[in-house]
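Some notes on the structure that comes next.
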Amino acid sequence: MASKEGRNMRDPLIQKSSRKNESLWMVYLSTFVAVCGSYVFGCGVGFSSPTQDAIREDLSLSLAEYSVFGSILTFGAMIGAITSGPLSDLLGRKGAMRLSSAICAAGWLAIYLAKGAEALDIGRLATGFGMGVFSYVVPVFISEIAPKNLRGALATLNQVMICGGASVSFIIGTFLTWRALALTGLVPCAILLFGLHLIPESPRWLAKTGHEKDFEVALQKLRGNDADISEEAAEIKEYIETLDRLPKVKFLDLFQRRYLRSVIIGVGLMVVQQFGGINGVAFYASNIFKSAGTFLVYAAVNALGIVFVLKVVPETKGRTLEQIQAAING
């Protein structure tokens, strides 16, 4: 009798948990679509390394010409990163991802069809621009659509897919021709462009831009038809109203004394990472490790990097930005 009563008490809890998971399928789908952009990012990073010898031989490129091709990606990414904020605010998160995906697709096609260094460089530059925009808009979109308890874990997928895209390019690049490898970069672009028609826009962006009706429809779609979104909708509106009441922040405000330590730590870590030359190593890793006879070691290091991100980064799961900043300042 007691066992039967216990089962009866557990059944509603199990059903409630099941309904909650079913209601979040749109969040998972939206995240999957968005991180296709992260995968494109990784494909771009991993493309030039395994294809160096083949491209130079097929197109008769000098080492200097190929070096321009390999490094011009970062110039495109810098331009994309600088413009990513204004673009995502103007076009919306989906609009920015759609534009980036189209530009990346055009870049991959240019590389595939290239007959000389000029077309290669234009395609690589375009792909880099799209990557720069993806680097901002994908994690922002995921953080804006995800509920608090899943935000950290889902946002982690951005970096996981970047590492995954680079690793896959390194691996399959040893079997495919360089033109075929360029075509594989079109696959995530196509999935992203198609998937954007199936998912809602970021509710926070819609609320910020005054699209009240669309904001509630998008939030309801993300949380499920049976979910009560009134409390979350009120929180989002209150947050945006609070931001609107605050004085406009200028770039130089970051260098005020109270923010200086956080800025130095946050920006400094990223700057030091780049000065470490990791991009240069990644772009020419195959030849570097082939010369050293340790290419398999490099492949294993890439795999370990993915595991590291999965295990370590989700520690921010559920934390607010204020809590993360407090941890840094502490």
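The backbone N, Cα and C atoms fix where each Cβ goes, glycine too.
Annotation comment: TrEMBL describes 30-330 as domain 'Major facilitator superfamily (MFS) profile'. Annotated transmembrane segment per TrEMBL: 25-47, 67-87, 99-116, 122-142, 154-172, 178-199, 259-283, 295-313, in sequence order.
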- request: Answer with yes or no whether the transmembrane segment (67-87) touches the transmembrane segment (178-199) by the criterion of at least three Cβ pairs under 8 A, sequence separation 6 or more.
  value: no
- line: For the transmembrane segment (25-47), out of 99-116, 122-142, 259-283, most C-beta pairs under 8 A are with 122-142
Query: Hey, which bits of the same chain come close to the transmembrane segment (99-116), Cβ under 8 Å, at least six residues off its ends?
result: 36-37, 40, 44, 47, 59, 80, 87, 91, 122-131, 133-134, 137, 179, 182-183, 185-186, 189-190, 192-193, 196
Reported mean pLDDT - the domain 'Major facilitator superfamily (MFS) profile' (30-330): 84
